């Protein structure tokens, strides 16, 4: 196994990485000008048919990092494949959530536009019949959540016997959400001889154990340390009483004339309540979380992208997998219990080296979380108070609520990343709802967004 440092190499172009003219044309159309660090490091190894274990955060360009070389490998033996009457599934991409699956699928379609490649996406929560019909027509690339994949494989709607490349995207989240058993079942169904690509935000014990079981003579790539994704993000903490948070967030968004704002809450009920209050106060908002139907989530996301919805209020699990280009604002209405999750949240702005704004509304019972975040980041976050919203001494009810929350955290073993995540993932365990969010603070008017379709096909030559 080779260890690859996380220091950036001399910047190369996509052409320097050995990509085909068709892929270079697609990359140019999407808007990439040069490869990101993760793309520059991973693409050559994938083209060399190496197994890869990569640490990559949301927003680092990891999807293109495995999709572009994967598509090139699949098209290198077109003559041999043309002799086969029916296309067979040759690349399988597993994701933990339906939103992430839909987004990866959109990326595959974009990058394969000028290739003779058919792709499809399958996930739960929607009617399986259209998915089955698409699979019967034959696909080269399939993006799937584990549960629906195994369901359809059990119905003989698809075969994994010809899979050449297996990708596990956001593998850490898949383990957090309880998919380890499903992953093991999938491994038994694909050929022993194959290329494996495993992407994870962290290299936990569990991830290393999984890599040891499925990877062969692999290379390890670390492109973006977890605490460096926030360097160009303007972070601000506003101290405020818990009961005044909703009024303050409305004031900030309204008076700042902010557009396309992603707001995080801890609970589904809190997301609903806040979005409803904003809408009543003249700020068009929508909530997404595990209790929302897939159609409701898709509609909310579409509105957020086209500008008809100004604010999207989300829980952590529901937000993962959302890819909102040019996202300018992230607001923590409530801070997460886990410091690393704060980094994941605010990393959805400030993409591609550009700036973004991350605002946190912090009540007295969340001061501990701020301290833990600052320890992780190894820096202090700017603190502000808005006139008219100065925090006052906590009420008896506030103190009792804070003490109860502290006891509950203590009962889970304190500030523990995995336990906190297990709590969060129970919101929608085993279901598909996830992110790969936006880029910069730029204007997004006129941008088009695509609703996920189940099947996609590149242009036939």
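Every residue, even glycine, has its Cβ placed from backbone N, Cα and C.
According to TrEMBL, the feature motif 'Q motif' maps to 12-40.
Annotated domain 'DEAD-box RNA helicase Q' per TrEMBL: 12-40, in sequence order. Mean model confidence of the domain 'DEAD-box RNA helicase Q' (12-40) amounts to 87 (pLDDT, 0 to 100 scale).
Residues or ranges marked as domain 'Helicase ATP-binding' in TrEMBL: 43-221.
Marked as domain 'Helicase C-terminal' by TrEMBL: 244-392. According to DSSP, the domain 'Helicase C-terminal' (244-392) comprises 67 helix, 27 strand, 55 coil.
Sequence annotations record features per position, and here TrEMBL assigns region 'Disordered' to 396-461.
The annotation compositional bias 'Polar residues' is assigned in TrEMBL to 431-441.
Annotation comment: TrEMBL describes 442-461 as compositional bias 'Basic residues'.
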Query = What counts of helix, strand and coil residues does DSSP assign across the motif 'Q motif' (12-40)?
reply = 17 helix, 0 strand, 12 coil
